[in-house]
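Novice: Annotation comment: Swiss-Prot describes 1-20, 90-117 as compositional bias 'Basic residues'. The compositional bias 'Basic and acidic residues' annotation in Swiss-Prot covers 21-35. Annotation comment: Swiss-Prot describes 66-87 as compositional bias 'Low complexity'. Per Swiss-Prot, the feature SUMO2 cross-link maps to Lys191. Residues or ranges marked as phosphoserine in Swiss-Prot: Ser140, Ser174. Residues annotated as region 'Disordered' in Swiss-Prot: 1-152.
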Amino acid sequence: MAHVGSRKRSRSRSRSRSGRRGSEKRSKRSSKDASRNCSASRSQGHKAGSASGVEERSKHKAQRTSRSSSTSSSSSSSSSASSSSSSDGRKKRAKHKEKKRKKKKKKRKKKLKKRVKEKAVAVHQAEALPGPSLDQWHRSAGEDNDGPVLTDEQKSRIQAMKPMTKEEWDARQSVIRKVVDPETGRTRLIKGDGEVLEEIVTKERHREINKQATRGDGLAFQMRTGLLP
């Protein structure tokens, strides 16, 4: 009987131990399942969070690209508008300058035409009013006996005022005359109205001319300074 009781006790103990082991195994399994479920839920949450972050990032990128495109389009439109306005301003300035230049040209042409007309009128008036001739002087002298009598010098001046032909001019310019300088005493050859000619002389004649010239220079100096009585 004692042996049977010991067997029963050992069986009950083994059963209780096996029950405990089973319960421990079950608890371990349940804890493992719970940990697995937690890790799975965590991984799912992490995946969901990462997916939402990716979506938000993609949204931000799209917004940035749209903003950059809008800013670039606005800047390009503003630059094109500024360039068009600057080109319009340049064209207006060029047109204004061209108008000013044309006005100045017209004014210059008018002034030139006016001057030419004035000169032509003056020349025509001078031609229409000729100066007094020698015949007119003679007529006036014959008509008015009480008037002044013309001298030879006045007659020569009046004659010089008359137009001469080419033959008369050549004959006048071909006349050679000797003129004595009162200050130096030198005798010069003058052709026509004032062309001075050189006279070819010998050495002795040249010395005499120089002596006369120096003597005349001295006398002229003494007369100017008052040294001569």
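Quick reminder: no glycine exception, Cβ is built from N, Cα and C everywhere.
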Novice: Mind giving me a neighbour count for Ser174 (phosphoserine)? Other Cβ atoms within 10 Å of its Cβ, every protein chain shown.
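Specialist: I get 9 for this one.
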Novice: Distance check, please: Cα of Lys191 (SUMO2 cross-link) against Cα of Ser174 (phosphoserine), rounded to an integer number of angstrom.
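Specialist: Distance between the two Cα atoms comes out at 6 Å.
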